[in-house]
Amino acid sequence: MQSLAKLIPTKLISSKQNKTQSNHNIERTLLLAELDKVHSYPLTLIIAPAGYGKTTLISQWKDRQCHTGWYALDKSDNKAEQFSRYFTAALVQACGMDSENLTYQNDLIDYFSQLLVKLNHIEVNFSLIIDDYHHIENTEIHNALRFWLKNQPSTMNLIILSRLTPPLSITNLRIHEQLLEINMSQLAFTHKEAKQFLELKLNDTFSQEAIFTLCEQVEGWATGLQLISFILKQNTELIKTPQKLFAKLNQHHIADYLNEEIFHYIDPELKQFMQRCAILHSMNEGLAIAITQDKNSAKKLDELEKQGLFIQRIDSNDGGIWWKFHPILSSYLTQSCRLELPDEWQKLNQCAAMEWLKLGFCQEAIYHAQQVTDTQVLYKIIQQYGWSLFHQGQLKLLEDSLNHLPTELMWQDPTLVLLKAWVVQSQHRHQEVSGILQKFNTNSPLAEPYQGKFYALRGQVAINEGDDELAYKLASNALLTIPQEFSYARIVAISVIAEAQHCRGNLKEAMIQMKQVEKMALSQRTYHHWLWSKLQQAEILSAQGFLQSAYDLLKETTLQAENFHQIPMHEFLLRLKGQIQWEWHNLDQAEAMANAGIDILEKEDEKLQCLALLTKISLVRGDLNNAKRLIEQCQHSINHFPVHKDWIATLDEIQVLYAQMTNDPSQLDSWLVKTTLPTRSSNHFTQRQSRNIARAYLLQNKPEQALDILNTILHTAESLKLTSDIQRALILRNLVFVHKNKKELAQKDLIRALEMSQQTNFISAFVIEGDVMAQQIRQLLQMNILDEFSTPKTQFILRSINQHNRHKFAHFDQQFVQRLLENPQVPELLKISPLTAREWQVLGLIYSGYSNEQISQELVVAMTTIKTHIRNLYQKIGVTNRSEAIEYTKNLLVLMGYH
């Protein structure tokens, strides 16, 4: 397998590899001085059409630097997996980064996350040059580089050479002066440089007037000057008649020019040699001999270089010698080979495919196999190397190759059908897998190993679609028929069974199987399933009420997985940590996790869960305006993107909570009509949705319906030991009993829920219920009936509710007060005798339920001072007691749009 990972030396040009540079390149002094500024900019862009000397310029600059890496792109690099390999090699070349234990798993952003972790340990300043970026059309690569630039270490400078401005969202860098740009007008040769160039090339002197005319016509285009020099070598007198010269040099007829003015002077046999070689992106002596059947290939290639015929020789680190044609010439030669050697085209590419395979360059072999009409060549390569490429994560390359195969060849081979389906499934497109499997019809029954593999795949699709019953059945059948040596399929099957058990509420069994998946995946180096198993274990622990153990596991997993973060699973890890922090009322930490999750995701629909977490944070803080904005953002995504049905419960929860906190249940009627009560409540998704419906009924003044639902899900949760969901349901049933004025039952549920927090450490689940919860907790504390372990936590919950209410309703800051006083409906007395900033604070705390002693503690002010503030503000607003002050404040808030 190691051979498949070889890198083509010509794509990684370094100063020590390229000692045979032409001596006929003039030094671009001004531009080199400009490039010396790159260390002050994260990104440098050199943008110009072909032939403006971008590569030559940066090569001159690079030769004067100590720590640089070079990645020369071609069309084959438009696949993310190949891009990742050469990008890594260039980084290693630049800074000596350790590239061990890096794993590409079908996501370039994920892979870049691993590289960024590695670069944290690099202290030396270095530059990475990416040449010919215009070859990249793959959105995944563009997105990954945007991510890279956002997180690039300060010690690194990225330099991109391209014919087109790359779609990397560079506007922000430009605005903040973090972008160095060199464009076509800067690269264009000045008259002085053009004169130096031609005199150096032709070993002659020319008048300033003649050079001026030439330079104006080619507009400083370096390749134009190069072509001019080649013509003038044949006839220097043409410089006196520039019209004749440029008649031959029309940029729209470069191919004709190359054919007539260059290859006219080359022996036809040598031209055919070049045409045959040019089908290769690069070549060594063995490849050239195999393609041309000419044992003197190396000598001929060296001779072409000496003649300046647009070919470059590169000495690789292993002592080998490679050559590559200039892209303009290569393109011309390849097209002319098709036209002038049509009988050889198929044979040449077939030979190239086989030779690249011998050298271990599977990707190059596939490229040439795709040029051949006889698809048996490509078919044999995929049969031999397909699964190896799959396990390396080269999914895009595989998918392109499989799409090149004829339909009849594709659908008659169960191995290829299975490979195609797994390639699609591994790119999170499980909806397409069913279509692939339906197309696959075989007249004879499949052998058991194949049948088992198909069962495992169908089971994975079923669990992704939420059908845990079918998933469990298919995965169980898979294990009965898959031999032990097919470890990947067995890992998938066991993982699916574990997920199905989790959905059924069989947490103990699910945990045992997920631990088995963890062990198997680690031994087989299938890190995707290893990480998935760890995250599932954390979810199981959370469901069992062991939130501290779950969080410890996630912390440990974060450290272990820093070298192979999986996207979107890295977001899942961050979100799980954030959800636990929310439960513990560590809101700042929860917010940081949610934002970090959003930052690493590109697709809007994937951000929904993190947005929902941010909404819950805003709700518990009482920031209803921000919560409303986030809910609208979530709703927009739901309306425009397909959403996993398990996510719906989370999104419904924030909307029902918002309706409760704004005392506006008007939208709940229509929501209840279109929402179905889950038929079972055996997992946290269905438990949550059942609670959502129960809460909606309670807000509609239908407590009996709410109570029926809560009793049912509590019974299920008790039987399955879903500890966290038991506690959440008790908190909500407490509210139902309060509504029904059944104080003893309410108190019983609340005490039990508070006692359960000794295990779960739930805080926010109480805080978000607001005043109703605060009143009950005050009574419990006054009655002194809680045990010594529950009392401190209960006191903290009460303080947090007060803090929550203060933020929610009555935090009278300067901006709020100013808007209030500008309202024409505000009481006139308040305008005549305005409150001081401190008096507004005291009034807000009174409204939030603080006692005088609590206000004194909150503001760190003496009790006598607080009493003075209260007396003064009562007089100013025209009230005589606390109840009137609370009612007055409530009216002010209603006036400002708060409900």
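Using the three backbone atoms N, Cα and C, a Cβ is placed for every residue, glycine included.
Taken verbatim from TrEMBL:
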type	residues	note
BINDING	Ala48, Pro49, Ala50, Gly51, Tyr52, Gly53, Lys54, Thr55	ATP binding site
DOMAIN	828-893	domain 'HTH luxR-type'
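Sequence-distant contacts of Thr55 (ATP binding site), defined by Cβ-Cβ distance under 8 angstroms and a gap of at least six in the same chain, are Asp131, Asp132, Leu161.
Each residue in the domain 'HTH luxR-type' (828-893) has a pLDDT score, and their mean in this model is 87.
Cβ neighbours of Tyr52 (ATP binding site) (same chain, under 8 Å, six or more residues apart in sequence): Met184, Leu187, Ala188, Gly220, Trp221, Ala222, Thr223.
Other Cβ atoms within 10 Å of the Cβ of Gly53 (ATP binding site) number 26 in total over all chains. When DSSP labels each residue, the domain 'HTH luxR-type' (828-893) comes out as 51 helix, 0 strand, 15 coil, counted as helix, strand and coil in that order. Among the binding-site residues Ala48, Ala50, the residue whose Cβ has the fewest other Cβ atoms within 10 Å is Ala50.
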